[in-house]
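Quick notes on the structure that follows.
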Amino acid sequence: MDWLFFGEISLAGLAMGGLYALIALGFVIIYKATRVINFAIGEIMMFAAYLFLAFAGGMELSAWIALPMAVIGGSILGGVIEKTMIRPMLGESPISVVMVTIGIASILVGLVEFIWTANPQLLPSFLPREPVFIGPLYLAPKIAYGFLIGSALLIIYLLYFRFSRGGVALRATASDQAAAYSMGINVRRVFNMAWVFGSLAASLAGVLVAATGGLSPQFGIIGLSVLVVVIVGGLDSILGALVAGVFIGWLETVAGAYLGGEYRMPATFLVLAVILVIRPYGLFGTHEIERV
Amino acid sequence: MRIGDAKQSYEADEAIWTSHTQKLWFGLFLLILLLFPFMADSYLLYLGCLVGIAVISTTGLNILTGFTGLISLGQAGFMGVGAYTVAWLSLNTGLPFPVTLVLAGLMAAAVGILVGLPSLRVKGLYLAIATLAASVFLHFIFAEWESVTGGMGGLSLEPAHLFGWSFQSDFMMYFIIVPLAVLMVFAARNVFRTRIGRAFIAIRDRDISAEILGIDLLHYKLMSFALSSFYAGVAGGLFAYFFRVVTPESFPLSMSIFYLAAVIVGGMGNLLGGILGAAFMTLVPEALKLITAALTPFYPDAPVFMSPMLEIIFGALIVGFLIFEPHGLAEIWHRIRRFFRLWPFRN
């Protein structure tokens, strides 16, 4: 076995896993606050990446202006989706709400094809190009810098939820909506905020992933990998999202490199199936007790 | 206004036919179905067959999702199992179609039971994700098990045959698909008049309460999975006979979502809704194609925008129905019927 090759593949996988962790964090924020499983997260990422393409490629803005604009655009999209399509579904069965997010995903794919055509696109490269070496191991620069930017946002998020007023409101709503409401927390604003923050994380990750792998209307398929991450980690666990994100990213890359691209999805879904049987609420998720 | 409608026994209330008018209308409907292929052109026949297949599969998914409350994202995978079974059997054994279709249904049911096994431990959305995993594995098997499934190239098969007849044209296929669809919808209607169907509905309404009432959850949940995937398997088998080629890409995840959307747009937990939803969702893309063709002389770019428009309309239909008409087309149908039934007395 070639340890150098394995090391390089693993490193690339771990860096990709860092981005998965960021997306999964966006997913978990939305789930914790509003109990909505967001099947449209891959499409929100895609939409933000296309916005970046429009700002940086079409309008020829500097990438460092286009990136925040695209990310803000993506988070506004998340807020609008919550206000217009998720809010009316409050109190409906989870199946219905999930189907609404699947419908939203389809609408977003259609919109993107409508505006930018169905052809695959390349994002203008904006990350430094010098190869990165960690010890003897080579890491593609796009992945390395993508990982750095992603982790920066991840750390900001973790600090924000731990210490800021908004973060505390969000955690309070997640643990008990009625109690939070009676303590004067504006639960409706928290719902909206959760979607905005969740989509913001997803949007940044979307631009970074699209910068390494290219962009097409099928980009949203990455949402399935994220789904595996959050189920394995536990839907309502931020720690779970981080650990499982890194692990699934690593596993997917290693399986793809050693067994071939067609094994990527089955490998991660095998882990998912095992987890569902052994610990249905995920590695770090809360085990809910159901009462009649 | 309908009168003389008082029921005096439970059996009368539960009967499929509650009035002569109903029988008359249904007979008329069957007659139209019978005469349709003699009057329709080849395009309408093709659509008729597609709707028939969709009705069978949607009814199957309705049993599982609408009546038992178990959400499944694996319907296309189960259809694939049925389609590959039919393709393999007709290539290797040459059995007539009634046998292959039943075997396709049974094969899919067996896979369905296997997929349903986690359903006692996980439920709701977790179950949906378990079925999603199953459809990923099934797709993988279809693509990689080359000695049986022919790999990415898939399998091509001979037309369906019985007693020396070969069902080659859409016209002939119509007479397999549509009677089978009518038969299977009837079978489903009858299931819900028995203990089994009642158990499904009890599980949907509250599974813990159902268990306390003495319903064996695992048994009935697996039965629902088996029944639902039997329908999917038969629909998949018909799909194979109809298109006569089966590839892994014939049954993508988007197809599972399509059937779930058909159930929702039609009306969850309503057999009539499943039929309306299947027909509606199959015909919307075709209507859009006609509109595009009509617009092309004025806007030469129209065909380019058709596929994105289709995605947007598909999504908007799901979202719109869930927000504004959660009981689906069946509810609209009932409203129209109520209007006629109460006609002179409403304002």
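Each Cβ is built from the backbone N, Cα and C atoms, and glycine gets one as well.
Annotated features in TrEMBL:
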TRANSMEM  B:21-39  transmembrane segment
TRANSMEM  B:45-64  transmembrane segment
TRANSMEM  B:71-91  transmembrane segment
TRANSMEM  B:97-117  transmembrane segment
TRANSMEM  B:124-142  transmembrane segment
TRANSMEM  B:171-192  transmembrane segment
TRANSMEM  B:222-244  transmembrane segment
TRANSMEM  B:256-283  transmembrane segment
TRANSMEM  B:304-324  transmembrane segment
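Long-range contacts of the transmembrane segment (B:171-192) within the same chain: residues 16, 30, 33, 36-37, 45, 48-49, 52-53, 55-56, 59, 62-63, 67, 97, 101, 160, 165, 198, 200-201, 227, 231, 234, 238, 241-242, 271, 274-275, each at least 6 residues beyond the stretch ends and with a Cβ under 8 Å from a Cβ of the stretch. When Cβ distances are compared across the two stretches, the transmembrane segment (B:124-142) makes no contact with the transmembrane segment (B:21-39), since fewer than 3 pairs at least 6 residues apart fall below 8 angstroms. A Cβ distance under 8 Å defines the sequence-distant neighbours of the transmembrane segment (B:71-91), meaning residues of its chain 6+ beyond its ends; these are 57, 60-61, 64-65, 99-101, 103-105, 107-108, 111-112, 115, 124-125, 127-129, 131-132, 134-135, 138-139, 142, 148-149, 155-158, 160, 225, 228-229, 232-237, 239-241, 246, 248, 250-260.
With pairs at least 6 apart in sequence, the transmembrane segment (B:45-64) and the transmembrane segment (B:256-283) have 3 or more Cβ pairs within the 8 Å limit; the two touch.
Distant neighbours of the transmembrane segment (B:222-244): 49-50, 52-54, 56-57, 59-61, 63-64, 67-68, 70, 72, 75, 78-87, 97, 100-102, 104-113, 115-117, 119, 156-160, 167, 170, 173, 176-177, 180, 184, 188, 191, 196, 200, 203, 250-251; these residues of the same chain sit at least 6 beyond its ends, with a Cβ under 8 Å from one of its Cβ atoms.
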